[in-house]
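A short write-up of the structure that comes next.
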Amino acid sequence: MKIGKPKSKRTPVRLRHKIEKASAAKQRKQRKLAKNNPEWRSRLKEDPGIPNLFPYKDKILSEIEDSRRRREEDAAKRREATKALRAGASVAEEVAQNAADDAENMEDDALLDDDMDEDDAVADDDSNPMAALLASAKARAAEYEDNDEDSGDEMDEGQSEDEWNG
């Protein structure tokens, strides 16, 4: 025996839209928070692609690890150098440091294969580009001033007929 009428599942459109809107907002918020969650980014390191039967696999893997370690140390040195530059260290020391680091990096890059993963290349670019630009501009200005002083003396002392007299 039924008492009363069965409850209807019909709802007003206003309430239906209200529920849909709240659901969409919650999903939007979850997607936004998921972007900032680092768990999904953690992945295994990429395999360099060296077959197991390759006779010198251990040697090659150790060379790759050494080059990565050196690259990380160089990046740390560059960061310290930029911090020192901000603190007011001399530009000449910075130029000498960068020249030595660049020479080491060129040698390392010549030894490495092209199939290194791109994450390492991105890690090198993490340093402040404005600080690097400022340091290089100061170094070039110092070189230009040194060359300008030397070239001015040479022009005054003797002009050959080959030179253009404007």
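The backbone N, Cα and C atoms fix where each Cβ goes, glycine too.
Curation plays no part in TrEMBL annotations; they are all automatic predictions.
Database features, via TrEMBL:
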- 1-19: compositional bias 'Basic residues' (COMPBIAS)
- 1-54: region 'Disordered' (REGION)
- 13-87: domain 'Guanine nucleotide-binding protein-like 3 N-terminal' (DOMAIN)
- 38-48: compositional bias 'Basic and acidic residues' (COMPBIAS)
- 67-83: compositional bias 'Basic and acidic residues' (COMPBIAS)
- 67-166: region 'Disordered' (REGION)
- 101-127: compositional bias 'Acidic residues' (COMPBIAS)
- 144-166: compositional bias 'Acidic residues' (COMPBIAS)
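Beyond the compositional bias 'Basic residues' (1-19), no same-chain residue lying 6 or more positions past its ends has a Cβ under 8 Å from any Cβ of the stretch. Sorting the domain 'Guanine nucleotide-binding protein-like 3 N-terminal' (13-87) by DSSP state (H, G, I as helix; E, B as strand; all else coil) yields 59 helix, 0 strand, 16 coil. The predicted model assigns the domain 'Guanine nucleotide-binding protein-like 3 N-terminal' (13-87) a mean pLDDT of 88.
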